[in-house]
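Chemist: One structure follows; several queries about it will come next.
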Amino acid sequence: MKAARFVMRSASSLGNAGLVPREVELFSRYSPSPLSMKQLLDFGSENACERTSFSFLRQELPVRLANILKEIDILPEHLVNTPSVQLVKSWYIQSLMDLVEFHEKSPEDQKVLSDFVDTLVKVRNRHHNVVPTMAQGILEYKDNCTVDPVTNQNLQYFLDRFYMNRISTRMLMNQHILIFSDSKTGNPSHIGSIDPNCDVVAVVEDAFECAKMLCDQYYLTSPELKLTQVNGKFPGQPIHIVYVPSHLHHMLFELFKNAMRATVEHQENRPFLTPVEATVVLGKEDLTIKISDRGGGVPLRITDRLFSYTYSTAPTPVMDNSRNAPLAGFGYGLPISRLYAKYFQGDLNLYSMSGYGTDAIIYLKALSSESIEKLPVFNKSAFKHYQMSSEADDWCIPSKEPKNLSKEKLAV
């Protein structure tokens, strides 16, 4: 926490000097530049130029940070002033200023390039606990203020954009660090964090085993996996795409974990558990992965809440004074997983049959040229979204009890 307080004091002093608002304002005038998976691969190819990547990132990363900082500033005042949100904001400001220092430096200087990698590592480590810290800020705000439906909707809108922004900046930093760092710690068959020949079924099986181990530890039992794969693009061949295995693993682990929990709890009195089914299909345009369980499903009224950042079936975690903030219990598993899917123009949806089970479907682009970053931009449309006020519903809302027409007097 001492380090965090130092960062906050540093950011505050910069702000008082008038530097931070000017830099944030300057870079927020630019729109982020989304990259395709193919472009990210080109940045890391054998002929990759570190100077080109450096020149792009020293401009692009401040633009992405500044855009989301502008959105933080138009959140409700009581939320922005919570200690946790102030801490997150200070991290972003400090990181932006660290990156801006490279704007006047020459990409021809090898020491500058080396220092830039070190700075990216420092920024990435500084932002390690952004997700749970922002989540704690939301809890602090809700504990002290009444949140109306419109504000709640705006928070959902903001958090989707905030966390998508974080996924994107982390992706760019990881690519540069893994490719150009002196310590080659990445997988030699990968280009940065991207696998040009990602074995989708292998990732599915690995994510299942990780979730199964967790389920066995907690429940002392777990369902098996029934896997089906269909390659509609190249029949008979293994299913491979260009993708980030860690992103896919994150999504699948979350879905398998939920499916196993539902199955074990719903079928606790049965002699055996029905398997969790995974179906992987590669088409000409899309890769689709369906995870199906017989865990009893959820009612329709709850389905939409499952993607809300404020809904969780786990106990709310207790934050301590360390930076190792917990994430389980904040209700972020599914919404963050959906963002990972959407990041490269995919999606993640749930279809549940209450009393039977749930199908969770991940959609990904099959072509790397169509897998393009989905990025938030702060503009007039985004600003107007936060200014929306509550309006009367233009659909009739039924009362809890139907009107007893027999007691109504007929008009003469």
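Each residue, glycine too, has its Cβ placed from N, Cα and C.
Found this in Swiss-Prot, in case it helps:
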- 254-261, ASP293, 312-313, 329-334: ATP binding site (BINDING)
- 138-368: domain 'Histidine kinase' (DOMAIN)
- TYR157: site 'Interaction with the other subunit in the homodimer' (SITE)
- ARG161: site 'Interaction with the other subunit in the homodimer' (SITE)
- TRP395: site 'Interaction with the other subunit in the homodimer' (SITE)
Chemist: Say you check the Cα of TYR157 (site 'Interaction with the other subunit in the homodimer') against those of the binding-site residues LYS257, MET260, GLY333; which is nearest?
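Modeler: In terms of Cα distance, TYR157 (site 'Interaction with the other subunit in the homodimer') lies closest to GLY333.
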Chemist: Enter the number of other CB atoms within 10 angstroms of the CB of MET260 (ATP binding site).
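Modeler: Around the Cβ of MET260 (ATP binding site), 26 other Cβ atoms lie within 10 Å.
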Chemist: Determine, to the nearest whole angstrom, how far the Cα atom of ARG161 (site 'Interaction with the other subunit in the homodimer') is from the Cα atom of LYS257 (ATP binding site).
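Modeler: For ARG161 (site 'Interaction with the other subunit in the homodimer') versus LYS257 (ATP binding site), the Cα atoms are 25 Å apart.
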Chemist: To the nearest Å, how far is the Cα of GLY333 (ATP binding site) from the Cα of TRP395 (site 'Interaction with the other subunit in the homodimer')?
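Modeler: One finds 32 Å between the Cα atoms of these residues.
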Chemist: Which whole-number value in Å describes the distance between the Cα atoms of MET260 (ATP binding site) and TRP395 (site 'Interaction with the other subunit in the homodimer')?
Modeler: 38
Chemist: Going by DSSP, give the three-state secondary structure for ARG161 (site 'Interaction with the other subunit in the homodimer').
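Modeler: ARG161 (site 'Interaction with the other subunit in the homodimer') sits in a helix per DSSP.
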Chemist: Roughly how many Å separate the Cα of TRP395 (site 'Interaction with the other subunit in the homodimer') from that of GLU254 (ATP binding site), to the nearest whole number?
Modeler: 36
Chemist: What's the number of neighbouring CB atoms sitting within 10 A of the CB on GLU254 (ATP binding site)?
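Modeler: Neighbour count, Cβ to Cβ under the 10 Å cut-off: 22.
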